[in-house]
Amino acid sequence: MYRTHTNGELNASNINEEVTLSGWVQKVRDKGFMIWVDLRDRYGITQLIFDEERTPKAILDNAQKLGREFVIQVKGKVIERTSKNPNIPTGEIEVLVSELTVLNEALLPPFTIEDETDGGEELRMKYRYLDIRRNPVKEKLIFRSKVTQAVRNYLSKENFIEVETPYLIKSTPEGARDFVVPSRMNEGQFYALPQSPQTFKQLLMVGGLDKYFQIVKCFRDEDLRADRQPEFTQIDCEMAFVEQEDILDAFEGLTRHLLKKINSVEIEKFPRMTFEEAMKKYGNDKPDIRFGMEFGELNEVAQHKNFNVFNKAELVVGIAVPGGNSFTRKEIDKLTDWVKRPQIGALGMVYVRCNDDGTYKSSVDKFYDQEDLAKWAAITGAKAGDLICVLSGQTNKVRAQLSALRMELAERLGLRNPKEFAPLWVVDFPLLEWDEETNRYHAMHHPFTSPKPEDIKLLDTDPGKVRANAYDLVLNGNEIGGGSIRIYDKTTQSLMFDHLGFTKEEAKAQFGFLMNAFEYGAPPHGGIAFGLDRLVAILNGQETIRDYIAFPKNNSGRDVMIDAPAPIDESQLKELNLKLR
Ligand code: ASP
């Protein structure tokens, strides 16, 4: 038996017991006549003591040779500590060692295995198995496990069944590039890894399994932004015989359960907002509503006043920054530079100081009098002591820019409290989205999303205006889930493919199986998928998903620990009938 107790378990009630412990050597303090060792495992740290008077000499000698991260087993007696450590559960006791076995020696780790480590991120990724020994990483993985278990329990109780769908499939159109896998047995042919189980879960509905879920890996070959991973996990769900309201209800229930169980936060009813309203008020389809700073559109009061920049803009829009009048001129200039950076791309920023005495001082005083500026303040909701920041330009662009500024300022002003949770359903997304690059419409969600019946007539005349039965669940300014009510008849589905520019042949080749299935009695259905990695991070008050993935990839999509991707042998290439250029 390697251990009778874990290293997080023993306390004063165990004094005088003979115990066996195993674990890693965290720290050795060697005073010559007395040695203390901190022994660590997943559960905690227990202090071991070896001393000249009570420990046999051979064992003391061996203890002297222990190095950091050696794996050892000890037997000994639990005794009361002279200097207690109230910060850890085992802090009242120590184990007087009578037997010591080195189970495995260890090389000196390349960084310290402590809560505060000296290792840089790349190095820790390379030795991820060592990083996982550290509390902050370990605790995040344990937290993730708690969340996934709560999800499974809840959905199972609600009568969902967990079904696995295949990974070797063909392209699912979620808007990213596919990862492809060559087939040895089918020369010149390739599988695609699923960007999501979308088509399979719809087929499960045709199959009659009317409540499905799966905690599942999805693969998308995208350029990696800071917080994306090429493989990530979804809580993927689908239901049959449901309308949008049923889905929102079911998954609001799941999210409410998680917030309560994991964070002890109770939220009665999640607010809802249409996509249009979200864009107008926050310039963003995933607004963080933990703080105000709603957009105020100023066209009516700011145009036709000789200020040409505003006159020729499609949209003039501002936000009131609470307490922002305390910013120095230099700080405001810096903010202006910030919005002018190419990543944001604003041409400039107009500001209005709202003085305590009720007067205004703006960067465009030449064109606007106090009365004008008072109107701006009324529209943006600015109060004395605030600063109004105004951007102008093409509607979509300027909204995105002001949204970025809003988030940045909220971050700087500490308005994004990670302990506060503000979920929001964003509904009525547009069905289609114009793509400048390819000069055509794309499905905003995916091609299986149903248009709102009353909008179908707009498909020919004003496709951009067609709304979909599509929704996102937003939590603290992050999209944590998204889904839709699906098309379930062949006619609408092929109409949709037409509008997305698929020829009949292409549609048949790519999605013939789904269209066929729809001819055998497809029930009305819809679903949603949550991004598990992000959901877990946010529930834990963080925003980076990488920490919540046991073995994540770096920003270039590499696993630096196993060194993948990597070239393959000539013989393997040959077997796969592949030739490299
Ligand atoms: N498959 C969709 C996605 O990955 C989710 C859904 O529509 O259920 O975003």
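The backbone N, Cα and C atoms fix where each Cβ goes, glycine too.
Where the annotation comes from TrEMBL, it is an automatic prediction and has not been curated.
Quantities reported herein were computed from a predicted structural model and do not represent experimental measurements.
Features as listed in TrEMBL:
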type: BINDING; residues: GLU174, ARG220, HIS445, ARG486; note: L-aspartate binding site
type: BINDING; residues: ARG220, ASP221, GLU222, GLN229, GLU479, GLY531, LEU532, ASP533, ARG534; note: ATP binding site
type: DOMAIN; residues: 144-552; note: domain 'Aminoacyl-transfer RNA synthetases class-II family profile'
type: REGION; residues: 198-201; note: region 'Aspartate'
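According to DSSP, ARG486 (L-aspartate binding site) is assigned to a strand segment. Per DSSP, the region 'Aspartate' (198-201) is made up of 4 helix, 0 strand, 0 coil.
Only GLU174, of the binding-site residues GLU174, GLU222, GLU479, ARG486, LEU532, ARG534, place a Cβ under 6 Å from an atom of ligand 1. GLU174 (L-aspartate binding site) and GLU222 (ATP binding site) are 11 Å apart (CA-CA, integer value). Put simply, of the binding-site residues GLU479, LEU532, ARG534, the one whose Cα is nearest the Cα of ARG486 (L-aspartate binding site) is GLU479.
Of all Cβ atoms in the shown protein chains, 17 besides its own fall within 10 Å of the Cβ of GLU174 (L-aspartate binding site). Residues ARG220, ASP221, GLU222, GLN229, GLU479, GLY531, LEU532, ASP533, ARG534, recorded as contacting ATP, have a largest CA-CA distance of 19 Å.
Per Cα geometry, ARG220 is the residue among the binding-site residues GLU174, ARG220, HIS445 nearest to ARG534 (ATP binding site). Annotated pair ARG220 (L-aspartate binding site) and LEU532 (ATP binding site), C-alpha to C-alpha distance, rounded: 15 Å.
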